[in-house]
Amino acid sequence: MVLTILFSAYKLCRFFAMSSPRPGAERLAVPGPDGGGGAGPWWTAGGRGPREVSPGVGAEVQGALERALPELQQALSALKQAGGGRAVGAGLAEVFQLVEEAWLLPAMGREVAQGLCDAIRLEGGLDLLLRLLQAPELETRVQAARLLEQILVAENRRDRVARIGLGVILNLAKEREPVELARSVAGILEHMFKHSEETCQRLVAAGGLDAVLYWCRRTDPALLRHCALALANCAMHGGQAAQRRMVEKRAAEWLFPLAFSKEDELLRLHACLAVAVLATNKEVEREVERSGTLALVEPLVASLDPGRFARCLVDASDTSQGRGPDDLQRLVPLLDSSRMEAQCIGAFYLCAEAVIMHIKNRNKVFSDIGAIQSLKRLVSYSTNGTTSALAKRALRLLGEEVPRPILPCVASWKEAEVQTWLQQIGFSQYCESFREQQVDGDLLLRLTEEELQTDLGMKSGITRKRFFRELTELKTFANYATCDRSNLADWLGSLDPRFRQYTYGLVSCGLDRSLLHRVSEQQLLEDCGIRLGVHRVRILTAAREMLHSPLPCTGSKPSGDVPDVFISYRRNSGSQLASLLKVHLQLHGFSVFIDVEKLEAGKFEDKLIQSIMSARNFVLVLSAGALDKCMQDHDCKDWVHKEIVTALSCGKNIVPVIDGFEWPEPHTLPEDMQAVLTFNGIKWSHEYQEATIEKIIRFLQGRSSRDSSAGSDTSLEGAAPMGPT
């Protein structure tokens, strides 16, 4: 009776949800004998005999499968016997609808869909789909790819597709077009990158990564979302070798337009996840930083609500049940990373997943994967407000105790702060002995194992190891600004995040960065307490190498701060093109400045003006309505207006790039910017991006866009200027 009510209620909800048009709804309609829709979802059908299912499933899941499996078997049988393209298409659509609606079932959707996916594999459906993916008819390949994307659960990835289907998928990826096929193939690659490290590396080596990076320049939202998730999965599951190949193929740069999107928050978050994972690899961290994509992570996360993000995931069929334990486990190392961006995006995703798991009463999974302690560590030690707030929210949703934040200036702690810290790390039984010995922050940071055993009564060697593990973490996250004048802590952290633990021992001996190269290894051991010989060697080697290179903290201005190109754009219509231009120009060796909304309040205008003045070239993105706000702006308050006027007054090489823009009459613009209409514009082509970029580069390399001969090039990109007449 309860199951009947559940299914009836779900049918009623879907009726009201489908009574108004929604994107993609029409693809779920299955033609019936009269050409109309089918008889309705399988869970509302009655009169079917029971079918045996796995004995371990719950009663509700078993009931749903008993209704669905006969209908699925019938649809698969009809698909196998289909003779023509129309019949094959109808069969694929019917199976697709059954699986799609299973994923959308509330609470038990993952289990029911898993059962259907297993049945398709056992009935030979995977082999059939792999054959249909090689069919000559494009529509058949599109529908088969769409269905395969829906059923690539772990067992199906492992059983057949990874063993015999990678070649078929890679051949489809080489087609690149049309977008309907690319969308599903990107989704398939998204799933297959999760299969194993070996499979991931095979896909990277055989062209799968190249296809995903190529599609990053497209504009289809669903395709771009698959690309972002595919790159995130490749980074998380492919190991360091795959991460190196991703950076070599400039994946960090191609993630920029995805993370810079103004229309799709899910897309931006998945792209930020991908670049944050890449940045945790110390071998490629610097290259990832230079891409500029990493700077987008924290501002984006700070602007979003994980609860709303969780609702978006629940509303999508492929994420409605939240991530599985294996996927969640991959997020935990982000929390333990030394990179703030990785901690921030990891805390956001786990907070959103905590919302979903809280609704579905599956909180235990967070304890199983070890996320609770990592979240508590962030609350205690993170100095980033966004990260700490997200970790607190996740812990509350999971019903866990939220620890108090640790004051970062540990050296200044009084005895009371030491007592609080002992209680938080689970060493309350030693509070009395620490109190009797009057241990404050200074003594805590210089505590030795002998003192811990003899003076503080910690007899067990294992207990002392646990204590020093917590103390090392405290030393690593501590702020030494009050005693570390040469910023030794950050320099040590740049060698290895673990080396920050040695900061207080070094500065307590009166050492700074200018003296470190004069110290012997024995002095580091005996005076500074650095017990590990390998660490001593690495620190001394780096200190002596530092003599031959400028200090990172010196006041000299790095050349990377002087851009070759400044890109000006209108946010509401030109963001996507501006970000694409940035990537293309970076790949051709140009340094590019583009505002990423991370400038401090009050310094926004100064930073922009300085960047324009220092850049040789000024690329003006003229998207739809780009100059509308400039009209009647006689006080020059509009940012695009200010940027154009500054570029004109500084004599910059101005290169307008046109995309859906209509030139206004000169008299409608303020007089101080009318001269911009005399420059030759380059018409942007999404279909022929490389050709367009080549022309832009010719203008940037010394051929002024004011040169009238430039506009005479007979190419599809050229757009004549509209000067005053």
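First residue shown is number 1, and so on along the chain.
The backbone N, Cα and C atoms fix where each Cβ goes, glycine too.
It is 705-725, from the ranges 33-53, 705-725, that Swiss-Prot records as region 'Disordered'. Other Cβ atoms within 10 Å of the Cβ of His191 (NAD(+) 1 binding site) number 23 in total over all chains. In this structure, Glu149 (NAD(+) 1 binding site) is part of a helix by DSSP. When pLDDT is averaged over the repeat 'ARM 4' (197-236), the result is 93.
For the domain 'SAM 1' (413-477), the number of residues in each DSSP class (helix H, G, I; strand E, B; coil) is 47 helix, 0 strand, 18 coil. Sequence-remote contacts of a segment are chain residues at least 6 beyond its ends whose Cβ falls under 8 Å from one of its Cβ atoms, and for the repeat 'ARM 4' (197-236) they are 162, 166, 169-170, 173-174, 176, 179, 182-183, 185-187, 189-191, 242-243, 245-246, 249-251, 254-255, 257-258, 261, 263-264, 266-267, 270-271, 273-274, 277-278, 330, 576, 580, 686, 689. For Glu155 (NAD(+) 1 binding site), the number of other Cβ atoms no farther than 10 Å from its own Cβ, over all displayed protein chains, is 12.
Arg571 (NAD(+) 2 binding site) sits 34 Å from Glu149 (NAD(+) 1 binding site), counting Cα to Cα.
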